[in-house]
Amino acid sequence: MRLGVNIDHIATVREARKTYEPDPVKGAIIARDAGADQITFHLREDRRHIQDSDVEKLRAVITEIPLNMEMAATEEMKQIAIRIKPDRVTIVPEKREEITTEGGLDVVSMTDYLREFIKELKDNGINVATFVDPVEEQIKASMEVGADAVEIHTGEYANARSDKERDNEIFRIKKAAVYGRSLGLKVFAGHGLTYTNVQPVAEIEEIEELNIGHSIIANAIFLGLDEAVRKMKKLINEVRRKDIRV
């Protein structure tokens, strides 16, 4: 199983003072060298953390492992992606007032628009995933609009308050992952995953990649980023020994 390390919150700390450090690009290099299988970042429309200059630098230095750009389905972001050429674009919903992404993309309501949007990205050599809730209707629509993969939103699982709720959410995620694979899609997962809740998701064999950011960066304050990445990789590998490549 691959681990994508999201570096957004390194930039969040930097932007708290509108200064030059910590540098998310340096963080990406450390994460890569610690065993990250992918670097993920979200260039938001409001530029609250990652900046355009970061994106340019990330593309220049992250060449040995995939670079995954999370973005809203806007014309501005599409043109940036076509110019930068990340290895993958993950299309996410975005609201300016939200603290973090609050749910999955409603692909069903945007099929005509997304079909053309995704085609242009793929015509420029970029793989495309949609970030969706564990709902078969959204996964099927993702396949129909031409996505190569779905990333299943694990936020409801992460926010579950009881063992029963967590078990129910794991069942939903597992069912969605099986369905996605049956349609020929690659299946990833992420959002709200931590050192204490990651393993039940990592055990789902249909999921081949997890994207994790906040928990790793939060622990890096105390452990250092290198050790924080290695610790997460170790937890995943304890339940998933199979190494799946793009």
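Every residue gets a Cβ built from N, Cα and C, even glycine.
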3-amino-2-oxopropyl phosphate site partner of ASN6, ARG17, GLY213, HIS214 according to Swiss-Prot, chosen from GLY180, GLY184, GLY192, is GLY192
Take the C-alpha atoms of ARG17 (3-amino-2-oxopropyl phosphate binding site) and ASP8 (1-deoxy-D-xylulose 5-phosphate binding site) and report the distance between them in angstrom, rounded.
15
Provide the number of Cβ atoms within 10 Å of the Cβ of HIS214 (3-amino-2-oxopropyl phosphate binding site), excluding the reference atom itself.
16
Long-range same-chain neighbours of GLY213 (3-amino-2-oxopropyl phosphate binding site), Cβ under 8 Å, sequence gap at least 6?
VAL5, ASN6, ILE7, ASP8, HIS9, THR40
